[in-house]
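K.L.:
Pulled these features from TrEMBL for this protein:
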COMPBIAS  35-48  compositional bias 'Polar residues'
COMPBIAS  49-61  compositional bias 'Low complexity'
REGION    1-68  region 'Disordered'
TRANSMEM  94-112  transmembrane segment
TRANSMEM  118-137  transmembrane segment
TRANSMEM  149-168  transmembrane segment
TRANSMEM  206-224  transmembrane segment
TRANSMEM  230-251  transmembrane segment
TRANSMEM  306-330  transmembrane segment
TRANSMEM  350-370  transmembrane segment
TRANSMEM  399-416  transmembrane segment
TRANSMEM  428-447  transmembrane segment
TRANSMEM  459-482  transmembrane segment
TRANSMEM  488-508  transmembrane segment
Amino acid sequence: MGDEARSEVPLAVLQDRPASTATSPAPPPADPGSETGQQQKELAQIQNPASAAASTTTAPTMGECSTEYRGLPGGNGVADGLAPAPASLRKVSIVPLVFLIFYEVSGGPFGIEDSVGAAGPLLAIAGFLVLPIIWSIPEALITAELGTMFPENGGYVVWVASALGPYWGFQQGWMKWLSGVIDNALYPVLFLDYLKSAVPALGGGLPRAFAVLGLTAVLTLLNYRGLTVVGWVAICLGVFSVLPFFVMGLISLPKLRPARWLVVDLHNVDWNLYLNTLFWNLNYWDSISTLSGEVDNPGKTLPKALFYAVIFVVVGYLYPLLAGTGAVPLDRSNWSDGYFADLAKLLGGAWLMWWVQAAAALSNMGMFVAEMSSDSYQLLGMAERGMLPAFFARRSRHGTPLVGILFSASGVLLLSSMSFQEIVAAENFLYCFGMLLEFAAFVLLRVRRPDAPRPYRVPLGTAGCVAMLVPPTALIVVVLALSTLKVALVSLGAVAVGLVLQPLLGIIEKKGWLRFAVNEDLPDIGVGVGRHAPAAAADDEPPAP
(Lines of atoms letter the chains of each structure in order from A and count residues from 1; the text may use other names and numbers.)
(Lines give C-alpha, C1' and ligand atoms only; values in the text may rest on other atoms or scores of the structure.)
Protein backbone atom coordinates (compact mmCIF):
# COMPACT_ATOMS: atom_id res chain seq x y z
CA MET A 1 0.00 0.00 0.00
CA GLY A 2 2.83 2.41 -0.60
CA ASP A 3 2.16 5.91 -1.89
CA GLU A 4 2.61 6.94 -5.50
CA ALA A 5 4.30 10.05 -6.84
CA ARG A 6 1.44 11.96 -8.39
CA SER A 7 1.27 15.53 -9.63
CA GLU A 8 -1.13 17.81 -7.79
CA VAL A 9 -4.21 18.88 -9.73
CA PRO A 10 -6.16 22.04 -8.90
CA LEU A 11 -9.55 21.57 -7.33
CA ALA A 12 -11.13 23.07 -10.42
CA VAL A 13 -10.73 19.64 -12.00
CA LEU A 14 -13.53 18.43 -9.79
CA GLN A 15 -16.09 21.15 -10.33
CA ASP A 16 -16.31 24.92 -10.16
CA ARG A 17 -17.99 26.54 -7.21
CA PRO A 18 -21.78 26.75 -7.55
CA ALA A 19 -23.06 29.77 -9.41
CA SER A 20 -24.82 30.99 -6.31
CA THR A 21 -21.51 31.89 -4.74
CA ALA A 22 -21.34 34.82 -7.11
CA THR A 23 -23.56 36.75 -4.72
CA SER A 24 -20.94 36.27 -2.00
CA PRO A 25 -17.59 36.65 -3.74
CA ALA A 26 -14.56 35.14 -2.12
CA PRO A 27 -12.36 37.67 -0.31
CA PRO A 28 -9.31 38.89 -2.24
CA PRO A 29 -5.91 37.48 -1.38
CA ALA A 30 -4.48 38.98 1.74
CA ASP A 31 -1.82 41.65 1.49
CA PRO A 32 1.52 39.83 1.78
CA GLY A 33 2.62 42.38 4.30
CA SER A 34 -0.41 41.92 6.54
CA GLU A 35 -0.60 39.46 9.40
CA THR A 36 -3.07 37.29 7.49
CA GLY A 37 -0.89 37.38 4.39
CA GLN A 38 2.15 36.36 6.42
CA GLN A 39 0.20 33.41 7.89
CA GLN A 40 -0.76 32.33 4.37
CA LYS A 41 2.86 32.57 3.26
CA GLU A 42 4.12 30.53 6.23
CA LEU A 43 1.48 27.87 5.62
CA ALA A 44 2.46 27.68 1.94
CA GLN A 45 6.12 27.22 2.88
CA ILE A 46 5.21 24.28 5.09
CA GLN A 47 2.97 22.65 2.50
CA ASN A 48 4.95 23.31 -0.68
CA PRO A 49 8.18 25.28 -0.36
CA ALA A 50 8.69 25.34 -4.12
CA SER A 51 5.52 27.31 -4.71
CA ALA A 52 5.41 29.38 -1.53
CA ALA A 53 5.78 32.62 -3.42
CA ALA A 54 2.57 31.96 -5.35
CA SER A 55 0.55 30.59 -2.46
CA THR A 56 -2.02 33.41 -2.51
CA THR A 57 -2.62 33.46 -6.25
CA THR A 58 -2.72 29.85 -7.41
CA ALA A 59 -5.71 27.56 -7.11
CA PRO A 60 -5.52 25.43 -3.95
CA THR A 61 -5.08 21.71 -4.22
CA MET A 62 -6.93 19.11 -2.20
CA GLY A 63 -3.87 18.35 -0.10
CA GLU A 64 -3.32 22.00 0.69
CA CYS A 65 -6.90 22.67 1.71
CA SER A 66 -6.89 19.63 3.93
CA THR A 67 -4.39 21.12 6.35
CA GLU A 68 -6.26 24.30 7.17
CA TYR A 69 -9.72 24.59 8.71
CA ARG A 70 -10.85 28.05 9.68
CA GLY A 71 -14.36 27.28 10.96
CA LEU A 72 -17.62 28.25 9.34
CA PRO A 73 -17.84 31.32 7.06
CA GLY A 74 -17.81 34.57 8.90
CA GLY A 75 -15.48 37.40 9.76
CA ASN A 76 -11.87 36.28 9.98
CA GLY A 77 -12.85 32.66 9.49
CA VAL A 78 -15.08 32.55 12.57
CA ALA A 79 -18.84 32.19 12.65
CA ASP A 80 -21.00 31.82 15.72
CA GLY A 81 -17.92 31.40 17.87
CA LEU A 82 -16.57 28.56 15.78
CA ALA A 83 -12.88 29.33 16.02
CA PRO A 84 -10.37 27.24 14.09
CA ALA A 85 -8.17 24.84 15.96
CA PRO A 86 -4.61 26.03 16.51
CA ALA A 87 -2.40 24.41 13.89
CA SER A 88 0.00 23.16 16.55
CA LEU A 89 -2.76 21.03 18.05
CA ARG A 90 -3.98 19.57 14.78
CA LYS A 91 -0.98 17.85 13.26
CA VAL A 92 -0.76 14.12 13.82
CA SER A 93 2.41 12.48 12.48
CA ILE A 94 2.80 8.93 11.20
CA VAL A 95 3.78 7.12 14.41
CA PRO A 96 0.83 8.34 16.51
CA LEU A 97 -1.39 7.78 13.47
CA VAL A 98 -0.35 4.11 13.24
CA PHE A 99 -1.27 3.58 16.87
CA LEU A 100 -4.56 5.47 16.48
CA ILE A 101 -5.47 3.13 13.61
CA PHE A 102 -4.30 0.17 15.71
CA TYR A 103 -6.66 1.17 18.50
CA GLU A 104 -9.58 1.98 16.22
CA VAL A 105 -9.31 -1.47 14.63
CA SER A 106 -7.80 -3.71 17.28
CA GLY A 107 -6.08 -2.59 20.46
CA GLY A 108 -4.56 -6.03 20.86
CA PRO A 109 -5.92 -9.58 21.08
CA PHE A 110 -8.43 -8.76 23.80
CA GLY A 111 -11.82 -9.92 22.54
CA ILE A 112 -10.64 -12.55 20.04
CA GLU A 113 -11.08 -15.40 22.54
CA ASP A 114 -14.69 -15.98 21.44
CA SER A 115 -13.48 -17.05 17.99
CA VAL A 116 -11.84 -20.13 19.54
CA GLY A 117 -14.83 -20.82 21.75
CA ALA A 118 -17.17 -20.61 18.79
CA ALA A 119 -15.21 -22.61 16.20
CA GLY A 120 -12.04 -24.14 17.66
CA PRO A 121 -8.35 -23.35 17.05
CA LEU A 122 -8.05 -24.21 13.35
CA LEU A 123 -10.93 -22.06 12.17
CA ALA A 124 -9.92 -19.23 14.50
CA ILE A 125 -6.35 -19.19 13.18
CA ALA A 126 -7.54 -19.56 9.58
CA GLY A 127 -10.00 -16.72 10.09
CA PHE A 128 -7.32 -14.28 11.21
CA LEU A 129 -5.18 -15.31 8.24
CA VAL A 130 -7.86 -15.18 5.52
CA LEU A 131 -10.18 -12.39 6.63
CA PRO A 132 -7.47 -9.69 6.49
CA ILE A 133 -7.04 -10.55 2.80
CA ILE A 134 -10.77 -10.62 2.10
CA TRP A 135 -11.74 -7.64 4.23
CA SER A 136 -9.03 -5.64 5.98
CA ILE A 137 -6.72 -5.00 3.03
CA PRO A 138 -9.52 -3.90 0.64
CA GLU A 139 -10.99 -1.60 3.29
CA ALA A 140 -7.58 -0.12 4.08
CA LEU A 141 -6.87 0.44 0.37
CA ILE A 142 -10.19 2.23 -0.13
CA THR A 143 -9.50 4.37 2.94
CA ALA A 144 -6.04 5.26 1.63
CA GLU A 145 -7.38 6.37 -1.78
CA LEU A 146 -10.52 8.22 -0.72
CA GLY A 147 -8.99 9.52 2.51
CA THR A 148 -6.27 11.27 0.51
CA MET A 149 -8.70 12.35 -2.19
CA PHE A 150 -10.87 14.08 0.47
CA PRO A 151 -8.46 14.83 3.35
CA GLU A 152 -10.91 16.45 5.73
CA ASN A 153 -12.84 15.71 8.88
CA GLY A 154 -15.98 13.85 7.91
CA GLY A 155 -14.11 11.18 5.95
CA TYR A 156 -16.45 8.55 4.55
CA VAL A 157 -19.43 10.90 4.90
CA VAL A 158 -17.84 13.21 2.31
CA TRP A 159 -16.97 10.25 0.05
CA VAL A 160 -20.56 9.05 -0.08
CA ALA A 161 -21.98 12.57 -0.38
CA SER A 162 -19.73 13.31 -3.35
CA ALA A 163 -20.71 10.10 -5.15
CA LEU A 164 -24.35 9.57 -4.12
CA GLY A 165 -25.52 12.99 -2.95
CA PRO A 166 -26.06 14.73 0.40
CA TYR A 167 -29.02 12.59 1.48
CA TRP A 168 -27.03 9.36 1.37
CA GLY A 169 -23.99 11.13 2.77
CA PHE A 170 -26.06 11.93 5.85
CA GLN A 171 -27.29 8.34 6.10
CA GLN A 172 -23.70 7.16 5.97
CA GLY A 173 -22.78 9.56 8.74
CA TRP A 174 -25.73 8.49 10.90
CA MET A 175 -25.09 4.74 10.55
CA LYS A 176 -21.33 4.93 11.00
CA TRP A 177 -21.55 7.31 13.96
CA LEU A 178 -24.11 5.11 15.67
CA SER A 179 -22.03 2.03 14.91
CA GLY A 180 -18.95 3.76 16.35
CA VAL A 181 -20.76 4.76 19.55
CA ILE A 182 -22.05 1.20 19.95
CA ASP A 183 -18.50 -0.04 19.41
CA ASN A 184 -17.22 2.34 22.06
CA ALA A 185 -19.73 0.99 24.56
CA LEU A 186 -17.81 -2.30 24.37
CA TYR A 187 -14.65 -1.02 25.97
CA PRO A 188 -15.95 -0.36 29.48
CA VAL A 189 -17.55 -3.83 29.27
CA LEU A 190 -14.27 -5.49 28.24
CA PHE A 191 -12.34 -3.46 30.81
CA LEU A 192 -14.56 -4.65 33.67
CA ASP A 193 -14.67 -8.23 32.37
CA TYR A 194 -10.90 -8.41 32.70
CA LEU A 195 -10.92 -6.92 36.19
CA LYS A 196 -13.89 -8.78 37.68
CA SER A 197 -11.79 -11.89 38.38
CA ALA A 198 -9.61 -9.78 40.67
CA VAL A 199 -12.44 -7.50 41.90
CA PRO A 200 -15.66 -9.59 41.89
CA ALA A 201 -17.78 -6.57 42.86
CA LEU A 202 -17.27 -5.18 39.34
CA GLY A 203 -19.27 -8.08 37.90
CA GLY A 204 -22.58 -6.24 38.24
CA GLY A 205 -24.82 -3.92 40.21
CA LEU A 206 -24.04 -0.39 41.36
CA PRO A 207 -20.26 -0.86 41.59
CA ARG A 208 -20.16 -1.80 37.91
CA ALA A 209 -22.44 1.11 36.94
CA PHE A 210 -20.31 3.63 38.84
CA ALA A 211 -17.15 2.13 37.35
CA VAL A 212 -18.52 2.58 33.82
CA LEU A 213 -19.53 6.18 34.58
CA GLY A 214 -16.16 7.08 36.10
CA LEU A 215 -14.15 5.43 33.34
CA THR A 216 -16.19 7.16 30.64
CA ALA A 217 -15.74 10.54 32.33
CA VAL A 218 -11.95 10.20 32.65
CA LEU A 219 -11.45 9.04 29.06
CA THR A 220 -13.79 11.71 27.72
CA LEU A 221 -11.66 14.33 29.47
CA LEU A 222 -8.57 12.89 27.79
CA ASN A 223 -10.26 13.31 24.40
CA TYR A 224 -11.14 16.88 25.28
CA ARG A 225 -7.47 17.70 25.88
CA GLY A 226 -6.53 17.19 22.23
CA LEU A 227 -5.91 14.70 19.44
CA THR A 228 -2.14 15.06 19.60
CA VAL A 229 -2.24 14.09 23.26
CA VAL A 230 -4.48 11.14 22.40
CA GLY A 231 -2.06 10.00 19.69
CA TRP A 232 1.01 9.95 21.91
CA VAL A 233 -0.91 8.37 24.77
CA ALA A 234 -1.94 5.68 22.27
CA ILE A 235 1.73 4.92 21.58
CA CYS A 236 2.52 4.41 25.26
CA LEU A 237 -0.61 2.32 25.84
CA GLY A 238 0.03 0.27 22.71
CA VAL A 239 3.58 -0.66 23.68
CA PHE A 240 2.52 -1.60 27.19
CA SER A 241 -0.47 -3.61 25.91
CA VAL A 242 1.47 -5.84 23.49
CA LEU A 243 4.51 -6.52 25.69
CA PRO A 244 2.90 -9.15 27.97
CA PHE A 245 1.79 -11.18 24.95
CA PHE A 246 5.31 -11.08 23.56
CA VAL A 247 6.55 -12.46 26.89
CA MET A 248 3.73 -15.01 27.02
CA GLY A 249 4.68 -16.24 23.55
CA LEU A 250 8.31 -16.75 24.59
CA ILE A 251 7.27 -18.66 27.71
CA SER A 252 4.93 -20.86 25.68
CA LEU A 253 7.60 -22.02 23.20
CA PRO A 254 8.69 -25.18 25.11
CA LYS A 255 5.04 -26.17 25.61
CA LEU A 256 3.81 -25.69 22.04
CA ARG A 257 2.13 -28.67 20.39
CA PRO A 258 1.39 -27.75 16.74
CA ALA A 259 -1.20 -30.52 16.49
CA ARG A 260 -3.43 -28.50 18.82
CA TRP A 261 -3.71 -25.80 16.15
CA LEU A 262 -5.41 -28.27 13.79
CA VAL A 263 -8.35 -29.16 16.05
CA VAL A 264 -11.69 -28.56 14.34
CA ASP A 265 -15.27 -29.80 14.69
CA LEU A 266 -17.43 -28.51 11.85
CA HIS A 267 -20.54 -29.99 13.46
CA ASN A 268 -20.07 -27.83 16.54
CA VAL A 269 -19.51 -24.29 15.24
CA ASP A 270 -21.40 -21.18 16.26
CA TRP A 271 -21.03 -19.46 12.90
CA ASN A 272 -22.81 -16.28 13.98
CA LEU A 273 -20.51 -15.70 16.97
CA TYR A 274 -17.46 -16.80 15.00
CA LEU A 275 -17.99 -14.44 12.05
CA ASN A 276 -19.12 -11.53 14.20
CA THR A 277 -16.00 -11.87 16.38
CA LEU A 278 -13.68 -12.01 13.37
CA PHE A 279 -15.47 -9.16 11.64
CA TRP A 280 -15.48 -6.93 14.70
CA ASN A 281 -11.76 -7.46 15.30
CA LEU A 282 -10.77 -6.75 11.69
CA ASN A 283 -12.91 -3.80 10.61
CA TYR A 284 -13.09 -0.03 11.21
CA TRP A 285 -10.06 0.75 9.03
CA ASP A 286 -12.05 3.63 7.54
CA SER A 287 -12.59 5.29 10.93
CA ILE A 288 -9.27 7.11 10.67
CA SER A 289 -10.62 9.00 7.64
CA THR A 290 -12.74 11.22 9.89
CA LEU A 291 -9.47 12.59 11.33
CA SER A 292 -7.82 13.30 7.98
CA GLY A 293 -8.13 17.02 8.48
CA GLU A 294 -5.96 16.73 11.60
CA VAL A 295 -3.16 14.71 9.94
CA ASP A 296 0.18 16.15 8.90
CA ASN A 297 0.55 15.74 5.11
CA PRO A 298 -2.30 13.19 4.78
CA GLY A 299 -1.53 12.44 1.12
CA LYS A 300 1.65 10.61 2.16
CA THR A 301 1.14 9.90 5.83
CA LEU A 302 -2.26 8.17 5.71
CA PRO A 303 -1.42 5.38 3.20
CA LYS A 304 1.85 4.55 4.95
CA ALA A 305 0.19 4.49 8.37
CA LEU A 306 -2.53 2.15 7.09
CA PHE A 307 0.08 -0.20 5.61
CA TYR A 308 2.05 -0.45 8.85
CA ALA A 309 -1.12 -0.77 10.92
CA VAL A 310 -2.41 -3.74 8.86
CA ILE A 311 0.79 -5.66 9.60
CA PHE A 312 0.75 -4.62 13.26
CA VAL A 313 -2.86 -5.72 13.77
CA VAL A 314 -2.64 -9.10 12.02
CA VAL A 315 0.58 -10.10 13.81
CA GLY A 316 -0.87 -8.84 17.08
CA TYR A 317 -3.75 -11.29 16.72
CA LEU A 318 -1.98 -14.37 15.39
CA TYR A 319 1.00 -14.37 17.77
CA PRO A 320 -0.97 -14.74 21.06
CA LEU A 321 -3.58 -16.94 19.39
CA LEU A 322 -0.91 -19.44 18.30
CA ALA A 323 0.73 -19.30 21.71
CA GLY A 324 -2.48 -19.79 23.68
CA THR A 325 -4.01 -22.57 21.59
CA GLY A 326 -0.72 -24.41 21.06
CA ALA A 327 0.61 -24.43 24.62
CA VAL A 328 -2.51 -25.30 26.65
CA PRO A 329 -4.89 -28.27 26.21
CA LEU A 330 -8.10 -27.13 24.55
CA ASP A 331 -11.28 -26.50 26.50
CA ARG A 332 -13.49 -24.42 24.24
CA SER A 333 -15.86 -23.54 27.04
CA ASN A 334 -13.09 -21.47 28.65
CA TRP A 335 -12.44 -19.38 25.56
CA SER A 336 -14.49 -16.24 26.09
CA ASP A 337 -13.57 -12.59 26.57
CA GLY A 338 -11.05 -12.26 29.38
CA TYR A 339 -9.56 -15.75 29.00
CA PHE A 340 -6.11 -14.52 27.98
CA ALA A 341 -5.55 -13.47 31.59
CA ASP A 342 -6.22 -17.04 32.73
CA LEU A 343 -3.87 -18.36 30.04
CA ALA A 344 -1.16 -16.01 31.25
CA LYS A 345 -1.51 -17.40 34.77
CA LEU A 346 -1.31 -20.99 33.50
CA LEU A 347 1.81 -20.26 31.44
CA GLY A 348 3.71 -17.75 33.53
CA GLY A 349 2.08 -17.38 36.90
CA ALA A 350 0.12 -14.70 38.72
CA TRP A 351 2.55 -11.91 37.80
CA LEU A 352 1.88 -12.43 34.09
CA MET A 353 -1.86 -12.61 34.70
CA TRP A 354 -1.78 -9.25 36.45
CA TRP A 355 0.27 -7.81 33.62
CA VAL A 356 -2.22 -9.02 31.01
CA GLN A 357 -5.12 -7.62 33.04
CA ALA A 358 -3.37 -4.26 33.33
CA ALA A 359 -2.61 -4.34 29.61
CA ALA A 360 -6.26 -5.13 28.88
CA ALA A 361 -7.39 -2.20 30.99
CA LEU A 362 -5.03 0.21 29.27
CA SER A 363 -5.82 -1.23 25.84
CA ASN A 364 -9.52 -0.57 26.36
CA MET A 365 -8.67 2.96 27.39
CA GLY A 366 -6.74 3.38 24.14
CA MET A 367 -9.57 1.97 22.03
CA PHE A 368 -12.08 4.19 23.79
CA VAL A 369 -10.22 7.44 23.21
CA ALA A 370 -9.36 6.55 19.59
CA GLU A 371 -12.94 5.65 18.73
CA MET A 372 -14.35 8.70 20.48
CA SER A 373 -11.93 10.91 18.55
CA SER A 374 -13.12 9.41 15.27
CA ASP A 375 -16.80 9.74 16.18
CA SER A 376 -16.58 13.30 17.46
CA TYR A 377 -14.50 14.62 14.55
CA GLN A 378 -16.97 12.99 12.16
CA LEU A 379 -19.75 15.11 13.68
CA LEU A 380 -17.55 18.20 13.36
CA GLY A 381 -16.86 17.40 9.70
CA MET A 382 -20.57 16.91 8.98
CA ALA A 383 -21.34 20.27 10.59
CA GLU A 384 -18.68 21.99 8.47
CA ARG A 385 -20.41 20.55 5.39
CA GLY A 386 -23.81 21.85 6.52
CA MET A 387 -25.26 18.43 7.36
CA LEU A 388 -25.60 19.10 11.09
CA PRO A 389 -26.33 22.26 13.10
CA ALA A 390 -23.43 24.69 13.31
CA PHE A 391 -22.86 24.15 17.03
CA PHE A 392 -21.41 20.70 16.25
CA ALA A 393 -18.47 22.48 14.59
CA ARG A 394 -17.50 24.40 17.70
CA ARG A 395 -14.03 23.61 19.01
CA SER A 396 -12.77 23.81 22.54
CA ARG A 397 -9.70 25.84 23.47
CA HIS A 398 -7.72 22.64 22.85
CA GLY A 399 -8.98 22.48 19.27
CA THR A 400 -11.25 19.48 19.96
CA PRO A 401 -14.94 19.10 18.93
CA LEU A 402 -16.51 19.60 22.35
CA VAL A 403 -20.16 19.00 21.36
CA GLY A 404 -19.28 15.90 19.36
CA ILE A 405 -17.33 14.48 22.31
CA LEU A 406 -20.25 15.05 24.68
CA PHE A 407 -22.75 13.46 22.27
CA SER A 408 -20.52 10.42 21.76
CA ALA A 409 -19.93 10.00 25.51
CA SER A 410 -23.69 10.15 26.18
CA GLY A 411 -24.32 7.41 23.63
CA VAL A 412 -21.68 5.20 25.27
CA LEU A 413 -23.32 5.54 28.69
CA LEU A 414 -26.76 4.70 27.29
CA LEU A 415 -25.51 1.52 25.60
CA SER A 416 -23.02 0.25 28.17
CA SER A 417 -25.59 -2.04 29.83
CA MET A 418 -25.72 -4.31 26.76
CA SER A 419 -23.81 -7.60 26.71
CA PHE A 420 -20.62 -8.09 24.72
CA GLN A 421 -22.26 -10.34 22.12
CA GLU A 422 -25.28 -8.04 21.68
CA ILE A 423 -23.07 -4.99 21.16
CA VAL A 424 -20.85 -6.73 18.60
CA ALA A 425 -23.82 -8.04 16.60
CA ALA A 426 -25.65 -4.70 16.57
CA GLU A 427 -22.66 -2.60 15.54
CA ASN A 428 -21.66 -5.09 12.83
CA PHE A 429 -25.15 -4.92 11.31
CA LEU A 430 -25.06 -1.12 11.05
CA TYR A 431 -21.44 -1.12 9.94
CA CYS A 432 -22.28 -3.46 7.05
CA PHE A 433 -24.83 -1.04 5.61
CA GLY A 434 -22.34 1.80 5.82
CA MET A 435 -19.65 -0.24 4.08
CA LEU A 436 -21.98 -1.03 1.17
CA LEU A 437 -22.41 2.71 0.64
CA GLU A 438 -18.63 3.19 0.78
CA PHE A 439 -18.05 0.46 -1.80
CA ALA A 440 -20.58 2.08 -4.12
CA ALA A 441 -19.00 5.52 -3.64
CA PHE A 442 -15.50 4.17 -4.33
CA VAL A 443 -16.52 2.61 -7.65
CA LEU A 444 -18.67 5.56 -8.75
CA LEU A 445 -15.90 8.06 -8.08
CA ARG A 446 -13.50 5.92 -10.11
CA VAL A 447 -16.00 5.91 -13.01
CA ARG A 448 -17.23 9.51 -12.88
CA ARG A 449 -14.04 11.29 -11.80
CA PRO A 450 -11.08 9.27 -13.01
CA ASP A 451 -8.89 12.38 -13.31
CA ALA A 452 -9.68 13.86 -9.88
CA PRO A 453 -6.56 14.35 -7.71
CA ARG A 454 -5.71 11.19 -5.80
CA PRO A 455 -2.40 11.44 -3.88
CA TYR A 456 -2.74 7.69 -3.42
CA ARG A 457 -4.48 5.43 -5.93
CA VAL A 458 -5.22 1.74 -5.45
CA PRO A 459 -3.03 0.09 -8.14
CA LEU A 460 -5.98 -1.50 -9.92
CA GLY A 461 -8.23 -0.41 -12.75
CA THR A 462 -11.95 0.05 -12.26
CA ALA A 463 -12.66 -3.58 -13.16
CA GLY A 464 -9.97 -4.73 -10.77
CA CYS A 465 -11.45 -2.60 -7.99
CA VAL A 466 -14.89 -4.12 -8.57
CA ALA A 467 -13.37 -7.61 -8.43
CA MET A 468 -11.56 -6.68 -5.20
CA LEU A 469 -14.89 -5.74 -3.62
CA VAL A 470 -16.72 -8.98 -4.47
CA PRO A 471 -15.37 -11.05 -1.51
CA PRO A 472 -15.99 -8.37 1.14
CA THR A 473 -19.48 -7.77 -0.24
CA ALA A 474 -20.20 -11.50 0.00
CA LEU A 475 -18.92 -11.43 3.60
CA ILE A 476 -21.30 -8.58 4.40
CA VAL A 477 -24.23 -10.59 3.03
CA VAL A 478 -23.26 -13.57 5.19
CA VAL A 479 -22.89 -11.44 8.34
CA LEU A 480 -26.29 -9.84 7.76
CA ALA A 481 -27.93 -13.18 7.02
CA LEU A 482 -26.63 -14.72 10.25
CA SER A 483 -27.88 -11.87 12.44
CA THR A 484 -30.59 -12.71 14.92
CA LEU A 485 -34.09 -11.32 14.39
CA LYS A 486 -33.75 -9.10 17.46
CA VAL A 487 -30.50 -7.54 16.24
CA ALA A 488 -31.90 -7.09 12.72
CA LEU A 489 -35.07 -5.36 13.94
CA VAL A 490 -33.20 -3.02 16.30
CA SER A 491 -30.60 -2.16 13.66
CA LEU A 492 -33.17 -1.58 10.91
CA GLY A 493 -35.10 0.63 13.32
CA ALA A 494 -31.95 2.69 13.85
CA VAL A 495 -31.50 2.96 10.06
CA ALA A 496 -35.11 4.14 9.73
CA VAL A 497 -34.43 6.93 12.22
CA GLY A 498 -31.70 8.28 9.93
CA LEU A 499 -34.01 8.19 6.90
CA VAL A 500 -36.42 10.50 8.74
CA LEU A 501 -33.85 12.58 10.62
CA GLN A 502 -32.23 14.13 7.54
CA PRO A 503 -35.43 15.74 6.13
CA LEU A 504 -36.42 16.71 9.68
CA LEU A 505 -33.19 18.67 10.03
CA GLY A 506 -34.05 20.36 6.74
CA ILE A 507 -37.35 21.54 8.22
CA ILE A 508 -35.59 22.76 11.36
CA GLU A 509 -33.15 24.73 9.24
CA LYS A 510 -35.91 26.19 7.08
CA LYS A 511 -37.81 27.32 10.16
CA GLY A 512 -34.67 28.93 11.51
CA TRP A 513 -34.78 27.01 14.77
CA LEU A 514 -31.12 26.02 14.44
CA ARG A 515 -28.35 27.51 12.36
CA PHE A 516 -26.66 25.51 9.61
CA ALA A 517 -23.70 26.74 7.58
CA VAL A 518 -21.12 25.44 5.15
CA ASN A 519 -17.42 26.11 5.56
CA GLU A 520 -16.44 27.74 2.26
CA ASP A 521 -12.75 27.07 2.98
CA LEU A 522 -13.34 23.38 2.37
CA PRO A 523 -12.45 21.92 -1.03
CA ASP A 524 -15.31 21.62 -3.48
CA ILE A 525 -16.49 18.02 -3.86
CA GLY A 526 -18.72 18.59 -6.86
CA VAL A 527 -22.09 18.65 -5.05
CA GLY A 528 -23.85 20.97 -2.66
CA VAL A 529 -23.46 18.74 0.37
CA GLY A 530 -25.55 21.02 2.54
CA ARG A 531 -29.22 21.55 1.85
CA HIS A 532 -28.30 24.79 0.09
CA ALA A 533 -25.27 26.50 -1.33
CA PRO A 534 -23.07 28.38 1.14
CA ALA A 535 -24.07 31.79 -0.18
CA ALA A 536 -27.76 31.04 0.14
CA ALA A 537 -27.21 30.16 3.79
CA ALA A 538 -25.71 33.55 4.48
CA ASP A 539 -28.21 35.58 2.39
CA ASP A 540 -25.42 38.12 1.90
CA GLU A 541 -25.72 39.11 5.52
CA PRO A 542 -22.96 38.92 8.10
CA PRO A 543 -23.28 36.08 10.62
CA ALA A 544 -24.67 36.73 14.04
CA PRO A 545 -22.01 37.69 16.59
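Numbers here mean position along the shown chain, with the first residue as 1.
Backbone N, Cα and C define each Cβ position, glycine as well.
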K.L.:
With contact taken as 3 or more Cβ pairs under 8 angstroms (pairs 6 or more apart in sequence), are the transmembrane segment (350-370) and the transmembrane segment (206-224) in contact?
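P.N.:
Taking Cβ pairs at least 6 residues apart, the transmembrane segment (206-224) and the transmembrane segment (350-370) are in contact, with 3 or more under 8 Å.
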K.L.:
When only pairs 6 or more apart in sequence are counted, do the transmembrane segment (206-224) and the transmembrane segment (488-508) reach 3 or more Cβ pairs under 8 Å?
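P.N.:
Touching, no - the transmembrane segment (206-224) and the transmembrane segment (488-508) miss the threshold of 3 or more Cβ pairs under 8 Å.
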K.L.:
Do any residues, 6 or more residues outside the transmembrane segment (428-447), come within under 8 Å Cβ-to-Cβ of it, and if so which ones?
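P.N.:
The answer is 139, 142, 145-146, 149, 156, 159-160, 162-164, 168, 171-172, 175-176, 178-179, 182, 276, 279-280, 283-284, 286, 462, 465-466, 469, 472-473, 476, 479-480, 483, 487-488, 491, 494-495.
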K.L.:
Apart from its near flanks, which chain residues at least 6 from the ends of the transmembrane segment (118-137) lie with a Cβ under 8 angstroms of it?
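P.N.:
Distant Cβ neighbours of the transmembrane segment (118-137) are 1, 105, 112, 260-265, 268-271, 273-274, 277-279, 281-283, 285, 310, 313-314, 317-318, 321-322, 325-326, 330, 332, 471-472, 475.
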K.L.:
Would you kindly list the residues that approach the transmembrane segment (230-251) from elsewhere in its chain, counting only those six or more residues past its ends and only Cβ-Cβ distances under 8 Å?
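P.N.:
Non-local partners: 92-93, 95-97, 99-100, 102-103, 107-109, 222-223, 316, 319-320, 322-324, 340, 343-344, 347-348, 352, 355-356, 358-360, 362-363, 365-366, 369-370, 373.
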